[in-house]
Amino acid sequence: MEEGARSCLLQSRSSLEQDIRASYLMDHMISDGVLTGDEEDRIRSKPTRREQAVALLELLLRKDNQAYISFYNALVRESYGDLASLLHNSLPLVSPEAEKSFSDGGTRYVQAVLSEGGVPQRPVVFVSRPALMNRVREKLYRLQKEPGWVTVFGMAGSGKSVLAAEAVRDHALITECFPGGVHWLSIGQLDRSDLLVRIQSLCFRLEQQSQEKDPSSSLHRPPGSLEEAKERLRFLMLRRYPRSLLILDDIWDSSVLKAFDIQCRVLLTTRDRSLADCVSGPKSEVAVESGLEEGQALEILALYVNRKPQRLPEQARSIVRECKGSPLVVSLIGALLREFPDRWAYYLHTLQQKKFKRIRKSSSYDYDALDQAMAASIQVLSEEHRELYIDLTVLEKDVKVPAKVLSVLWDLEPEEVEDVLQDFVNKSLLFRDCHHRPYLYYLHDLQLDFLAEMNRSGLEVGLIHSNQWRLKGPPTSGDEECLYWFRFLTYHMAKANLTQELYSLMFSLDWVRTKAQIMGPAHLINDYLEYSTILDKEVRGHFQEFLSLNGHQLEQRPFPDVVQLALSQPDSSEVYRQALLQAQERATRGGLYLDWVNKSSLKSLSRLVVQPHQGSIYSACFSHDGTKIASCGSSKTLRVFKSTSGEKLLEIQAHDDEVLCCAFSLDDHLLATCSSDRKVKVWNVERGTLMRMFEDEHEEQVNHCQFTNTRRRLLLATCSNDKFMNTKLWNINKPSSQNTMFGHLEPVNHCCFSPDDAYLSTSSSDGTLKLWEVSSANEWKSIDVADMFPEQREQTEVMVKCSTWSAGGRTIICAARNAVFVFDVETAAMLLEIRTSRLSTVQYCHACPSTHVVAIDMTSYVSSLQLWDIETSKKMADCSGHLSWVHGVQFSPDGSLLLSCSDDQTVRVSVCVCICASAVCLSIICPICLHQLTLLVWRWRTGECVVLEGHKEQVRCFSLLTTTPSSETHLLSWSFDGTIKVWDMSSGERLQDLVCHQGAVLACDVSPDGQLFATTSADKTAKVWSSASWECVRLLNGHQDCVRSCRFSWDGRRLATGDDNGEIRLWNVKDGTLLKICSRDNKDAMDSLHGGWVTDLHFSPDNTVLLSTGGYIKWWNVEKGEALQTFYPTGANLKRIHVSPDFSTFVTIDNIGILYILKKVE
């Protein structure tokens, strides 16, 4: 960099560091080729805007004049005119002729050099690929001091020739490395005679140019043979053009390349990366594996049809995705569309149908149709290898396979297969993923589509039959071949029309268990959806429903017992039928399985249950086409998955703090997120890349974000905990907010566009709901929701949690405290009030887009979802299911599904059309009733009552105690006051008052012989007491949390205790020693070891099995302390379980009122 330019940068450094946003400027500098992707990443890794600016300026000071000019132009383009003026007077000249021009790619000097050397001009339609171009230039700079070879290789139509020509269109590169000039020679597929003609032509051109510069030199006769031509070219390149670059375009044959092995500087383009192995000298290479970025490809199409990229039809993106950004395909179709601008749908359909012969256009490219370019690559293979290559048609798109899979297909040894694949890779006919061991291989979609036209029958059948022996069980770690078959066996069966074999495989519970354990449930669900037209509809529905409802269980480790899960399916289900048969067979060998015998009285509403994050999920939303769901939460991540199967499509570490909301744009191409880190980010859904970040305007956490609903304009609304400037509208193409709404004086919790985007509603902690005109950002209406709570307004603040618009936009619904209000938008009059329980809080509400139904999420001690019809003012249904607080609900775009997310780490998709309220109440009538601090003992025949008073805090429970030797029966009660009291039930006299623990007594159990009783407490201890002396005989320490339950074995030799962390301990009653700890090494995916507190314990009559309840029900082997079986209820927080005397039937109820009658399978 010139000294004047460097000095000016240093003088202006403080002003630049204070004001510039490096991320905006770097995009332009990368396009100009003065900044590399790695340099950009290093700068973006700096934590603050100012540190990024400092890093950019430090890097700039180490670069040349071109970087200074690019930086100046970037300032101008990003409206930093005042800062650009500081640098203007010191703009350097990059050559004596003129300043560097970033629009045409070079100076007049560069244009003259390239024109003399026969380098092709830029295509009429051109888009820069700066990252690849910089890599080529980096390799060319290595030729500055010594001769060598730079190979640019890639598949047909990947843009190698344009890239090579563009790489040398650089003033500094030519003056520093190749002052002798740049000479271009197009080769192609030539025989020896044609090659001689090409070299003769090149030599004549070089001699002619030399004579123009030195008239004393003379022209020679054309060389008569290849050997003579090679020597003539060597002489010219070494003597007359000693520091020049020879570009050989489109080399196919190593024998051709040897003719240019003359110790000069060579850049060659080829489809075969191995060609340079036959020549001498230093070598380097650049792979052109990927196509154009979507934005670049769309820009090319836009230039061809003379439109802006934003104005292109939706088919344009589909065309780019279908061809994976292939420059050849994009250019061919663009040229066709220039003449037929209404054929977008036609050419998209042509691509999808693989009719490559129809994609044909005369151009400067060697092949005027796509099928010709693809066929030319294959024709250079030997006949044997050509046959093997065509066999690759059996592979699926975007799938990487190990060599062992192909060794089965080709019936070759793995080493032979690897040699063949290496040949394909060298010729750019196949790609290799070197990040895996063993290597994985894959085809570009265009290559696979071309091969599909040559599909040969019988390949799939042979492939499957030769592998049937390989699927005996789960693969070992790292067994890529076995993993491949578990993932794609169904694909090959369907492609081979092996319908009966496919039916037997996919409708097998064994296959479901093994594949779910290896691949997860999403792949299985996708299989049932993919082959739905082949499979029996009814049976397919059985398996699909089972996987959807139990998907979150099948992702747990340790892996659950699939047979036990399947026994909860309806009796009419094929899944249940197979599970029952397997359970009965395993029961004969000592296995333990439970059949839920009363399940037919319940109807499951959940269509899909997914556990996408570790931690609470704060937001989940449908894409506008209903095919995807995005979720975010305390894990700081954003995940996108399929709404039908839960298969993960995208996962991003989105923010530095909890992600509070996510929202799709109308076209589903963008996703916005907002966070407690005060930042708002916009992501590209397809690529998972960050498109825009707004990080400085919100000073507190950003609570909610939403895109506009119509195509009229794309805006993003956000709201935050800021005191005043808490609601903003953003145009994502601009670096700062477009408008700020002023009016709320407290945090804004939620914002929502009206269906026509005319208004924006905001819900605030100041107790108001405000409606704003989007066009002007002016307040239109303000509704004081706090006035609806006159009796409470003076005591506590009224917080409006959220709002939602009705389908027609005529009414708006909002939630505050324990109520939901419906207001008329025009008059602001209240039309309907829905009041819930006094102890409840409405957390969220959402209106169905197709009906008058509103979903309301309420929390009190548990979370509850209700559906209300706001036309009839009636509650339609209760739809409980989550195990913890629900943070958000949303209807699908067509209103048929309901999406909810919760602190229980799950996202649930429920069917709305069949929702029905169902709850079961379990009532137990007993002669002794618990009432606050007292016990009431009733004589049920006479109705007389004895009141037992004495506890200072609430009585926890009671038990009968028969003492020896008198055989008198007394009442034992325990309380939160830490005491145990013994009562005479006839007189009500208190016989004993024992201070047992320092904390509340949570459980008590009497030994079968009545001589001992055990107590457990919140002080984390358990104690064993003598009923004769009323003294503590054993103190049991070791639990790390409240000990909530205990039970003696029937022989009185063991005591089981369970705590709030889900841990169960087995003790020797005789000496108080610890025998076993259950669950210690088998922690489940829930927060505790048992999915919750251990609330109840029971021994089997033979004392070999222990039953426990908590978040779910478990059966344990007493001797080993190992789990025998687990039953997962729909709800949670199981309190008690009743056990039949023969230990074969179990009855309990969960927190959402579902009754479970479980019977042991015999």
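Cβ atoms are placed via backbone N, Cα and C, with glycine included.
TrEMBL lists 1-90 with the feature domain 'CARD'.
Taken from TrEMBL, the feature repeat 'WD' covers 652-693 (among others). Residues of the same chain lying 6 or more positions beyond the ends of the repeat 'WD' (652-693) and with a Cβ under 8 Å from any Cβ of it are 23, 294, 314, 317, 321, 618-625, 628, 630-640, 699-711, 714, 716, 718, 720, 730, 732.
The repeat 'WD' feature in TrEMBL is assigned to 741-782 (among others). Under 8 Å from some Cβ of the repeat 'WD' (741-782) lie the Cβ atoms of residues 700, 703-710, 712-713, 715, 717-729, 793, 797-805, 807-809, 812, 814-816, 823, 825, 828, all in the same chain and six or more residues away from its ends.
Across the residues of the repeat 'WD' (879-909), the predicted structure has a mean pLDDT of 83. The repeat 'WD' annotation in TrEMBL covers 879-909 (among others).
Per TrEMBL, repeat 'WD' is recorded for 948-993 (among others).
With a threshold of 8 Å between CB atoms, the same-chain residues lying at least 6 positions outside the repeat 'WD' (994-1035) that come near it are 953, 956-957, 959-964, 972, 974-982, 1041-1048, 1050-1052, 1055, 1057, 1059, 1067, 1069, 1072. TrEMBL lists 994-1035 (among others) with the feature repeat 'WD'.
Per TrEMBL, the feature repeat 'WD' maps to 1036-1077 (among others). Within the repeat 'WD' (1036-1077), the DSSP-based counts of helix, strand and coil residues read 0 helix, 22 strand, 20 coil.
Using DSSP to sort the residues of the repeat 'WD' (741-782) gives these counts of helix, strand and coil: 0 helix, 23 strand, 19 coil.
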